[in-house]
Amino acid sequence: MQSLLLLATLLGSALGGAIPSQSANYNGYKVMRVSGDDTSKISHIVSKLGLETWKFPKAANANVDIVVPPKKVAEFEKMSHAAGLKKQVMHENLGDSIKSEMSFRPYSCELLTLDGGANDTWFQSYHKYEDHLKFMQDFQSAHSQNSEIVTSGKSHEGRDITGVHVWGSGEKGSKPAVVFHGTVHAREWITTMTVEYILAQLFDDKEAGAALLEKFDFYIFPIANPDGFVFTTESDRMWRKNREQNEGGCYGTDLNRNWPYKWEGDGSTTDPCSETYRGPSPGFAPETKASTSFIKGLADGAGVKMFVDWHSYSQLFMTPYGYSCSARAPNDDVLQEMASSFADAVKAVHGTSFTTGPICNTIYQANGNSVDWIVDEIKGETAFAAELRDTGMYGFVLPPEQIIPSGEETWAGVKAMFSKLK
């Protein structure tokens, strides 16, 4: 167990916050998937070589995805062979994979169909931040009678945290709120596109979308961490946190460890250079302040019916809690049924398998997270954390060809989940 906790501490520690402005170069970097029956051997290699991990195991023989710089490949191969670890190459050259993924398609309003829907062309590529803003603005203009651009507040660098509020008949804001957050962790680009796909389907899927909009107001935020996302497109594709400068020269707070509920604990760290740095105080980050204030306003109005925090990767759909592996939400039975219906519907589309269960038991302990805050602090009726594609050989650098399949299966899961909501 101690070795698993060490791996959790080491998650991303090597590159977690020490890159202020220069572009990160991943040419020649390998991403290796390793496993073994003694996780202490893996944690020893990670610690000794100062390696970054993309994910760590819940148990022995589970996979650990490790980023290996070119200068350390030979030593990594030697040590992992001596330790008897199983290995697979995820990315032979991470730099090449990133270049391929960054073939951004220029934005044009022609990416909207004549009736205001989202042309599939938009979902065939990842996009720059400015183009996401244009897409949201043009999409809202095409549905001006039933939508508006909203902002929850400002990021550390002064960017608006922009979303789209959509509704059906009746007055805006008169129905219980559904809030979706994407790109809380900056490098998780598939979440940006998938959340936008859901937004599009609320209008493009005429029957199902209209039925949902008659019951709920949707608040869709594809990029909840705009500074971090911009940094991934301009400087370091693997950046996770926001862009605040911390003491000691490191940058960034993990925005999903900074929510003001159960903030302290083993599911985050006080190390400002770590990728799971929880910040100097609960709710300190400007992005967290903005999100909590905005959602409190919804709770004080018609209430919050559902919240989903979309992440990648690992193909998980999780329920509260993250701060504890023994605590359960008051309506845990309902949440588990909804999560299972999501997973079943997703699998029926492209065969993609999702695992369900409480956050702490399913992926890792995570205190100061948004889902726990939603359920216990503002009494939101349902809240989930999702980890989208993949479990294969791509991880965070998912090819753009998988955007549409991810959107299709996720929308199917969302519809199924709502069918279980009383």
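Each residue, glycine too, has its Cβ placed from N, Cα and C.
Site annotation (Swiss-Prot, ligand Zn(2+)) includes HIS185, GLU188; from HIS44, HIS81, HIS311, the additional listed residue is HIS311. Partner cysteine of CYS250, as given in Swiss-Prot, is CYS273 (from among CYS273, CYS325, disulfide bond). ARG257 (substrate binding site) sits 14 Å from CYS273 (disulfide bond), taking the Cα positions as reference.
Separating the Cα atoms of ARG187 (substrate binding site) and GLU387 (active site, proton donor/acceptor) is a whole-number distance of 13 Å. A sphere of 10 angstroms centred on the C-beta of HIS311 (Zn(2+) binding site) encloses 22 other C-beta atoms. Of the candidate recorded positions, CYS250, CYS273, GLU387, the one lying closest to TYR313 (substrate binding site) when CA atoms are compared is GLU387. A Cα-Cα distance of 11 Å separates HIS311 (Zn(2+) binding site) from ARG240 (substrate binding site).
Rounded to a whole number, the C-alpha distance linking HIS185 (substrate binding site) with GLU387 (active site, proton donor/acceptor) is 11 angstrom. The shortest Cα-Cα distance from CYS273 (disulfide bond) to any of the recorded positions (GLU188, ARG240, GLU387) is found for ARG240.
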